[in-house]
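Structure first, commentary second.
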Amino acid sequence: MLSVVSPLPGQSPHFRRRNRRVLPVSCSSVWEVEKPPADFDLRPGLRCSPQFPEIRAAKRVVLVRHGQSTWNEEGRIQGSSDHSVLTAKGESQAETSRQMLLGDFFDVCFTSPLIRSKRTAEVIWDSRKDNVITEPDLREIDLYSFQGLLKHEGKEKFGSAYRQWQKDAENFQIDGHYPVRELWDRAESCWSKILAHEGRSVLVVAHNAVNQALVATAIGLGTKYFRILLQSNCGLSVLDFVPRIGGGSPRISLNRLNQTPNSPVAHESSGGRKTNAQIILVCHGATQSNEAAFSDIGFEPLNMLGVIQSQKTAELLLDLKMSCLICSPRIASADTATAICEVQEAADCLGADCVPRYVEMKKMLELEVEPILQRALKISRKSNPIRVGWFDDLDDTSMVELWSQSRKAWHSLLQQLSNNSESEPESERNVVVVAHPAAHIALIAHCLKLTPEWTGSFHLDTGSISVIDFPDGPEGKGVLRCLNYTAHLGRWSIPVTRSPGNDEEF
């Protein structure tokens with residue numbers, strides 16, 4: 001069944017934009033993150049992009065959280081204490097990570113000095129000859145008197161302080177310290193040391209909170225984003241640093257967040273809390289315009305790679321009982337969505353369910369960003385035939401149009417998720433969305449309550465999946481479970497350190 005979802009009313013945003021032209025990280029990377037003008041009002045929780053050391057060549061940094069530890073298993077607060085070790089499951093997770101990264105090249109490995117992190121690094125680094133650098137500032141968040149307590153003991157002993165740690169972590173204070181604020185400062189210090197190393201492909205093995213802080217500080221997000229950028233045991237995140245032509249602090253893009261060997265759509269805990277609802281963002285499969293000209297962007301069907309990607313995505317989503325699938329009206333998105341629905345309807349034949357699953361498929365006009373991109377590309381190619389990021393050449397009018405349109409789409413999706421949460425069983429409180437990578441980047445920015453300038457901080461590939469959890473329901477904060485997940489594509493997945501594109505730009 002095909003229908004159109006009506007968006008909720010929204011107002012056009014107002015923002016400032018500076019004229020600039022930069023080299024792109026990738027086809028779906030957009031604006032660089034720079035310090036806004038003095039009169040630009042940043043939203044709470046956002047920070048100006050930190051001034052990192054100048055780099056001479058593109059650098060990719062891969063962050064990995066340690067495997068499950070004994071205190072993870074016991075539900076004990078670890079902090080920066082060094083009394084826990086990897087469990088058998090943690091050792092297995094580290095070994096799986098080693099195998100995942102077996103064909104990838106690294107120049108250097110940085111690790112936290114804590115046993116659980118150092119052991120994970122040893123397993124992953126294996127027989128590589130280069131030394132592992134132990135960096136004290138990569139230790140886990142310092143939680144002082146909380147460390148070593150079981151969670152229920154912390155609640156009983158510290159009462160309101162423990163509740164603040166759970167509900168308002170950025171302002172949480174203990175023993176005269178603000179742990180999350182200290183962690184953010186320490187993460188910025190870590191980046192200066194990591195980027196000063198001459199290696200172009202860097203592995204960093206550390207912890208949950210510190211890896212969150214590393215991701216957040218790299219792209220200019222403040223302490224309000226603690227527990228918003230999920231880091232699972234042995235989850236892998238990738239950041240790209242690209243030098244600017246005029247020198248100075250590099251341009252930074254989050255290429256991947258929390259890619260694990262497990263399915264990203266499994267209903268697991270999110271930041272220590274049970275997942276209440278999910279929005280799954282599926283980028284449509286590859287088309288001819290992903291490879292060559294842009295004159296027909298949005299009108300082409302999937303190419304052979306795109307067909308494979310859509311089938312692989314449909315197979316992965318068999319783990320999910322869908323309550324609703326919404327897609328852009330454009331051919332590639334509609335074809336990808338149709339492939340997903342057909343596999344869902346064959347769930348009983350495929351052994352995934354005892355009965356067929358009938359999924360309502362809807363088309364949402366506000367997800368159709370291709371006309372805006374196409375107009376900008378036609379104009380930009382007259383003066384610059386070299387392909388740039390999806391949004392790099394959007395004029396202010398086009399950006400306002402896209403931002404307003406995507407905001408309406410985001411509010412409509414939240415309303416749909418809210419409706420599903422009221423009517424569907426817990427396992428089916430989800431919305432699957434299929435659209436162009438640029439549309440999903442804008443949706444992620446809206447989810448995080450960012451401004452348009454931050455859209456350049458994210459990259460998505462065709463065929464990828466990103467998952468947003470809502471532990472407190474659709475009315476609460478969205479938590480990024482994963483971003484740009486491609487492991488389900490098998491041999492067609494995007495390599496971690498080996499780029500399918502220009503080596504200089506990753």
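Cβ atoms are placed via backbone N, Cα and C, with glycine included.
TrEMBL entries are annotated by machine, without manual review.
In TrEMBL this protein carries:
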BINDING   ARG65, HIS66, GLY67, GLN68, SER69, THR70, TRP71, ASN72, ARG116, LYS151  substrate binding site
ACT_SITE  HIS66  active site, tele-phosphohistidine intermediate
ACT_SITE  GLU140  active site, proton donor/acceptor
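Around HIS66 (active site, tele-phosphohistidine intermediate), a 10 Å sphere centred on its CB holds 31 further CB atoms from the protein chains shown. On a Cα basis, GLU140 (active site, proton donor/acceptor) lies 13 Å away from TRP71 (substrate binding site).
The local packing around SER69 (substrate binding site), expressed as other Cβ atoms within 10 Å of its Cβ over all shown chains, amounts to 25. For ARG116 (substrate binding site), the count of additional Cβ atoms within 10 Å of its Cβ stands at 29 [all protein chains shown]. The separation of the residue listed as 'active site, proton donor/acceptor' from SER69 (substrate binding site), Cα to Cα, is 13 Å. ARG116 (substrate binding site) sits 11 Å from GLU140 (active site, proton donor/acceptor), taking the C-alpha atoms as the reference points.
By the criterion of other Cβ atoms within 10 Å of the residue's own Cβ, the least surrounded of the binding-site residues ARG65, TRP71 is TRP71. Taking CA atoms as the reference points, GLY67 (substrate binding site) and GLU140 (active site, proton donor/acceptor) are 14 Å apart.
Across the fold, the C-alpha of HIS66 (active site, tele-phosphohistidine intermediate) and the C-alpha of GLU140 (active site, proton donor/acceptor) stand 11 Å from each other. For the substrate site, whose annotated binding residues are ARG65, HIS66, GLY67, GLN68, SER69, THR70, TRP71, ASN72, ARG116, LYS151, the maximal Cα to Cα separation is 21 Å. A gap of 10 Å separates the Cα atoms of GLU140 (active site, proton donor/acceptor) and ARG65 (substrate binding site). Just so you know, the Cβ of GLU140 (active site, proton donor/acceptor) picks up 24 other Cβ atoms within 10 Å once every protein chain is counted.
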